[in-house]
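To start, the structure under review is shown below, and the notes come after it.
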Amino acid sequence: MDLINSTDYLINASTLVRNSTQFLAPASKMIIALSLYISSIIGTITNGLYLWVLRFKMKQTVNTLLFFHLILSYFISTMILPFMATSQLQDNHWNFGTALCKVFNGTLSLGMFTSVFFLSAIGLDRYLLTLHPVWSQQHRTPRWASSIVLGVWISAAALSIPYLIFRETHHDRKGKVTCQNNYAVSTNWESKEMQASRQWIHVACFISRFLLGFLLPFFIIIFCYERVASKVKERSLFKSSKPFKVMMTAIISFFVCWMPYHIHQGLLLTTNQSLLLELTLILTVLTTSFNTIFSPTLYLFVGENFKKVFKKSILALFESTFSEDSSVERTQT
């Protein structure tokens, strides 16, 4: 989950204009803060449980390794949500210091990039397993998956560095402290000379985040699962329909949960403080909160007979969802 620009300042030709959160009604701020607190509590408990099961109760396979790190990215995001919620309740006042402001922003960005990259990696893994089974039998090992995991974390960390650098605390004339992006990295926040530079860097960050954090992963996921679905339909590779339903759940939840966020970030490039900006912020908080809490649970329950869910243990649900599909592995192209 990443709301790193929700408290930014927007630069126009003459002054520094506070973004949408200044114009949020108290009820809206309460909704956002409450959603963040609930997401943090429930997400920490459920994702912590899922991590424990995947790490200590299941055989270590490519599937369990990739899903472990996907859920770990959700877990990291939920741990820092209380800071955002507290800031919302205090009218965006930040009282945790500059260092934590930077860590907060960088961690949120890291959580966003790792989650979408691991979803893409899982899609690519299913593509290779289904359409290239011979290669998968020879090379698809937990050690190979560990290399993928390391590459994802390094890539996400590298892409998060700008959001660590640009994030600073700003003291206004009334003594209020805000944690926000200073794209020009200038101590003179209201310098007219730096406004153009700030705007261009802001646009560059938005474009790179949208392309690498949404558009490219979304196309990768769509391509991989479309090919997998075609092969499954053609040769009936899976013993049940659950793996396919998990794929569809991943695609839908990815789009629904992240599209509002990127729409809101695009609107932040304008100085038009409209109702649409306020609504997209609320929707972004709700959908990304849903993503960190319920996406792993959806993977477990999708395709299950609801009456049988409560008769299964958590471990049985995990094994039916994340275990390797031997029928695919035995199939030769």
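Cβ from N, Cα, C; glycine included.
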Identical membrane-side domain name, V232 and L279, from Swiss-Prot: no
Listed as N-linked glycosylation site by Swiss-Prot, one of N19, N105: N19
Fewest other Cβ within 10 angstroms of its own Cβ, chosen from the disulfide-bonded residues C101, C179: C101
Secondary structure content of the topological domain 'Cytoplasmic' (54-64), with strand meaning DSSP E or B: 7 helix, 0 strand, 4 coil
Contact yes or no, the transmembrane segment (210-230) and the transmembrane segment (65-86), 3+ Cβ pairs under 8 Å, gap 6+: no
Counts of helix, strand and coil residues, the topological domain 'Extracellular' (87-103), according to DSSP: 9 helix, 0 strand, 8 coil
The transmembrane segment (65-86) versus listed stretches 104-124, 144-165, 247-268: most Cβ pairs under 8 Å: 104-124
The topological domain 'Extracellular' (269-283), counted residue by residue under DSSP: helix, strand, coil: 9 helix, 0 strand, 6 coil
